Amino acid sequence: MQSAVDLGRAGLPSQMRRMPRRRAAPWLVTTAVLVALFALLPLAFIVWIAVQTGWETVSALVFRPRVGELLVNTTLLVLLTVPIAIVLSVALAWLTERSDLPGARLWAWLCVAPLAIPAFVHSYAWITMVPGLHGLWAGVLVSVIAYFPFLYLPISAALRRLDPALEDAAAALGLGPWRVFWRVVLPQLRLAICGGSLLVGLHLLAEYGLYVFIRFDTFTTAIVDQFQSTFNGPAANMLAGVLVTCCFVLLGLEVLVRGEERYARVGAGAARYQQRTNLGRATTPGLLLLVVTTLLALGVPFITIGRWLIAGGAEVWRLDEIGLALGQTLFLALAGALLATVAAMPMAWISIRAPGPLQRLLEGCNYIVGSLPGVVIALALVTITVRIALPLYQTLFTILVAYALMFLPRALVSLRASIAQAPVELERAASSLGRRPLNALWSTTIRLSAPGAAAGMALVALGIMNELTATQMLAPNGTRTLAMAFWSYSSEIDYASAAPYAFIMVAMSLPLTWLLYVQSKRMAGR
Amino acid sequence: MSFLEISGLHKRYGPVAALAGVDLDVASGSRTAIVGPSGCGKTTLLRLIAGFEAPDQGRIVLDGQVLANGGAAVPAHRRGIGVVAQDGALFPHLTIGDNIGFGMGRGEDKRTERIVELAYIVGLDKAILKRRPHELSGGQQQRVALARAMAMKPRLMLLDEPFSALDTGLRASMRKAVAELLEAAGITTILVTHDQAEALSFAGQVAVMRDGKFSQVGTPRDLYLKPKDRMIAEFLGDAIILPASISGGFANSPLGRIAVDTNDSRDVARIMLRPEQIGLKRTSREGMSGTPDMLFGEVTESEFAGSTCTIAVRLLNNFDPPDAAAIGNTPLILRKPGMDAPAVGEIVRLTVSGKAHVFV
């Protein structure tokens, strides 16, 4: 769940470029550099392991039929899921943003709500409803349902931001409504589609639980299997290397397709509000699409969880066990969110107040690491702790570091946006009114950016709460988060006992998803 | 016969009546300006003519073809009407060349040549065609928007405040260039603006709009010198409005006996003078004596602004007018050349040239 990250990158006009350059305090720069270097650690380790293992072993481990098979599986999954999700999201976004569909606002929220359900819970719902579901097409189905909101959010935000004058101009130049959509609207959604697709693709590469349920092997499931059977042997590490390469291919593709274009509004003045298109007889099919999507993406999980809760009755609510899991999850989520936010602060401050080439480089490092699958980061941290700092293996410290590395970009985006809203002039005004520097900072910038920082923390916490792979591999012995408990029950096919955990995860995620939705609206300026 | 006929046009947005019965005739090949304060409905009218929206009531007929009749309307893409929006509305994802060629068919004959030709006509360099809209200045963007609209050989060109985003200096030259260009191409043009000077200098016919209706339509000169009411008079420029009694082509006013543009006789009337009709001549208090039929004033304020100087003149002697006392104490505000403007405290003699306009 990094859609906040994505919205920040998907071509939104950034205010900071226009700010005059200022020199940042040296200690701030040092901290930011240290954080970025630390973030690169997992990557460095994969390279180091590969070098240490030697070319022959590496090639023997990489160039074998099993890897080829996984590569085909993963590639097909991405190639099928992403286009379907794009078409679905564009259609949904257009219907909810630009048509006079009844209840558009409610539908818009329902299109984002599936994010509140962890991907493996989606999968759990489907497999208990249709037990025979497995293989590639099952993977595509559940993936589209679980991840399309990552595309829907930026696309609907972009649609909302489009200048209606452009569509008017195209109509005046003799283009009918369909051709206007193809030649004017769609090209301008390119950035949003690229950003969203990248996000969906990265999730497809990183997800573990979803594909285990429907018995579909990807690199991530294979790495976890390998890890469970041979611990951190070179085989798992080399698979991770291939997976990282896949991630880089996706990142590179996105950069290529996105290009260096600027799709922002040209010209001054505020854009007029858009008119909604009258659907007329197309209202029914439009509604039908939304109803079916909602049923599949929300109905199936909720009905399944409800069914298992009823079937399980009161006895599945083992309150001591659930309470412990809830407590541990909340603690990890809050501590991880705090660490990520604190680590992101120097970077965020520099990127707004003193932007420059160094800052862009550092930020790039953080984003790249943030886009690596949790399994890769976890594997790297396991290897590092086991080989170099054994006392740190499976400690609270290590798991929090892993969370911070994985979710740093989320915290960064929210912090940056909120610091940008506190113009430096306010700080100066406070100084000129007699406040001392630290006091001035406190009473202006920090006060103003606090809500944004809190929102970023909430989003990081949401990610941690539903994290499974890295937690399993790194958490101290005896840790049992909601996701872990859910996972172990459902692995034992005790679906009823797993249901309360799924329910709690969804219930806790819903408000945070709402936050995400509101944030995306605000980023679009409405 | 008029080329564009608009009759009884109404448009409401919820409780707000944006257009409340608009009638307009535009002759073929002419230039018309619609001017009014913001929110008067002028942009709505333009959008209805362009076909972006349908009227609630009324007809729009272009060259004998009914474009809109009540709610039934021909959609914008079938109207062949060119539109240049306030900020150009260039497509940010296309190059300048592709922007200009947007309305042409993809495989159209000599497409590239036509694009280059259009760019040349609007005064753009060929080298610019490969660039993107955001790399261009505001004036260049407007030229591209104009070329793009002209590419489809429109029957009618609508300009929606196209110069308002430009610098003052550029604005005047762009206006002149565009007017000449459209004149040469023989395209009937409607300009919408809130800038009265722009409207008066651009068009052969000016329509002043207020609260969704035209309050007066006419030539620029007519509108400026013979406005129907005080609001129009003040909207189109500075005005000095005085009470007077009129008879036999002359008015008796606080400024004395002034020729007026009507032969009516009325005891109570209001007349209007443009400040530039009042001339000032330096004199002194001594010069005032023995000339009872002359009008004198004292400069009470003088605000220098470079080429012009705004001067407030308080009348020193009044002719015997109706309710003169009130008028006599209100200074006249006149804009005079900055060079050699009278200073505060100086005595001036006032003369009136031309005829005053009498409000009906």
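Cβ atoms are placed via backbone N, Cα and C, with glycine included.
Taken straight from TrEMBL:
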- A:71-257: domain 'ABC transmembrane type-1' (DOMAIN)
- A:326-516: domain 'ABC transmembrane type-1' (DOMAIN)
- A:24-50: transmembrane segment (TRANSMEM)
- A:70-94: transmembrane segment (TRANSMEM)
- A:106-127: transmembrane segment (TRANSMEM)
- A:133-153: transmembrane segment (TRANSMEM)
- A:189-214: transmembrane segment (TRANSMEM)
- A:234-257: transmembrane segment (TRANSMEM)
- A:286-310: transmembrane segment (TRANSMEM)
- A:330-352: transmembrane segment (TRANSMEM)
- A:364-390: transmembrane segment (TRANSMEM)
- A:396-419: transmembrane segment (TRANSMEM)
- A:498-518: transmembrane segment (TRANSMEM)
Region pair the transmembrane segment (A:286-310) / the transmembrane segment (A:133-153), three or more CB pairs under 8 Å: yes
Seg_contact(the transmembrane segment (A:189-214), the transmembrane segment (A:396-419)) with at least 3 CB pairs under 8 angstroms, min sep 6: no
Contact ranking winner - A:24-50, A:234-257, A:364-390, A:396-419, A:498-518 against the transmembrane segment (A:106-127), Cβ under 8 Å: A:498-518
Among A:24-50, A:234-257, A:364-390, stretch most in contact with the transmembrane segment (A:70-94) (C-beta, under 8 angstroms): A:234-257
Contact call for the transmembrane segment (A:364-390) and the transmembrane segment (A:24-50): at least 3 Cβ pairs under 8 Å, seq gap 6+: yes
Any contact, the transmembrane segment (A:396-419) to the transmembrane segment (A:24-50), with at least 3 Cβ pairs under 8 A: yes
